[in-house]
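Worksheet: one structure, shown below.
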Amino acid sequence: MNGSWKLILPVGFVLYSLPLFLRVNGTSDYVIDEEFHIPQGLAFCRKEFDVWDPKITTFPGLYLIALLLNPLSLCTVTGLRMLSLAGAGINILLLYKIRRRILAGSGGNSYAAHEAITMSVLPPLYFFSHLYYTDTLSLTMVLLFYNYWQQEAHLPAAVFGAASVLMRQTNIVWVCMATGMTVLDTLVNQCARTGRVPKENVRLMGKELWLQLVSSPQLLCNCILSILAKCCFYASIILPFVGFLFINGSIVVGDKSAHEASLHVPQLFYFAIFAAGFGISNTIRQFRPAAELIRRNRVLSLLALLLILVVVHLNTEVHPYLLADNRHYTFYIWSRLYGRFWWFRYAMAPAYLLSICVLFCGLRHMPESFKLMFPLSLFLVLCFQRLLELRYFLVPYILFRLNTRHTRKGYAEWLELGAHLLLNVATFYVYFTKEFYWKNYRTPQRIIW
């Protein structure tokens, strides 16, 4: 049945989405940021590489993929949007393969397929699968990279890692995360092979590993050589990117004014709410352990709650775009709750703490290298973004969700899938029925994620 799922999932996903795609495609020439992406994509599709919109802030990966349409004479708005739908079809296949490998047989192929479907219809991700935005194809490249990295096929992994960075600069963080995990896993595996201590005692958090490395120059040399052999391809991405940062002075290309880096720690709190809210099956499984963790550590929990309140008070950033653009749900969340009631951002602190504990409990069973590298990567990719933008949460959420444990509670997975589908119905209904006009746009504006 494994081979059947590899065909059924992508084909079924595209066929299921096609009527909705055609309806979305007929509503507007451009949807918000598509006014930058589509003209640029059409120019590259026609091989007009001297055309570049200075307002674009990402590398040209999204537009280079448009070259695939040129031989097919599909350099149209519909053709560009179809690239995203095709990418979403590839994503569901990759999600299935990666999830099945992580589960290692637990739950079977049908369970992995169910999980892949659930992640593919994650409402913000599913919505942008119908538009020519960076998000879907950026995730495609990250998943291709992660898939090959899992299999220790480091050369193709590096190729797709570079492609992911061409899609979105912040994807360099996930390349660095996987590189760091490779280094840490190599240290553990090399030390375990010596047989000097039981394999189960060789842990990143334990002293046995580090004592072995310090006491054996030969072992240390073997580790270094093995790490260099595995990571040289990733270094060929990371080092040039460091050079780019040094020369450019910023991770952003083009118009840097709207994307200046500034410390914004509450992004972690927003992500925790996002992950706990959409990852219903993990939240159901980890809610009791998280509540017990808080109960057993009341003093630490109180201190953590106070720290959250201090961070919210001192470091809440409000980007002008968040207040100015009423075409996004975040505008309404902020204007009607966070911005309207001064106390609301503080009242959310207990929910932030509980959501963080749910994520922490979800991490506990994962490999030690992931437990170390993922939180660091999450901090780097989110906490220097001033703008609250749910699309920034998609890749870290999917990587976290892929690594969660099999719930063994069938209703939890079905509840999560059902909630995603119902929310998709609601958000597309709003998109199709709620129209309003801006003075400088001739076409009606609509509300999206």
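Cβ coordinates are placed from backbone N, Cα and C, and glycine is handled just like the others.
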Listed as N-linked glycosylation site by Swiss-Prot, one of ASN25, ASN248: ASN25
From 114-134, 261-281, the residue range that Swiss-Prot assigns the feature transmembrane segment: 261-281
Region pair the transmembrane segment (82-98) / the transmembrane segment (2-22), three or more CB pairs under 8 Å: yes
Intrachain residues whose Cβ lies under 8 Å of the transmembrane segment (341-361), provided they are six or more past its termini: 268-269, 272-273, 275-276, 282-283, 286-287, 289-291, 293-294, 301, 304-305, 308-309, 312-313, 316, 400
Closest-packing stretch to the transmembrane segment (370-390), where packing means Cβ pairs under 8 Å, from 2-22, 261-281, 412-432: 261-281
Contact call for the transmembrane segment (299-319) and the transmembrane segment (412-432): at least 3 Cβ pairs under 8 Å, seq gap 6+: no
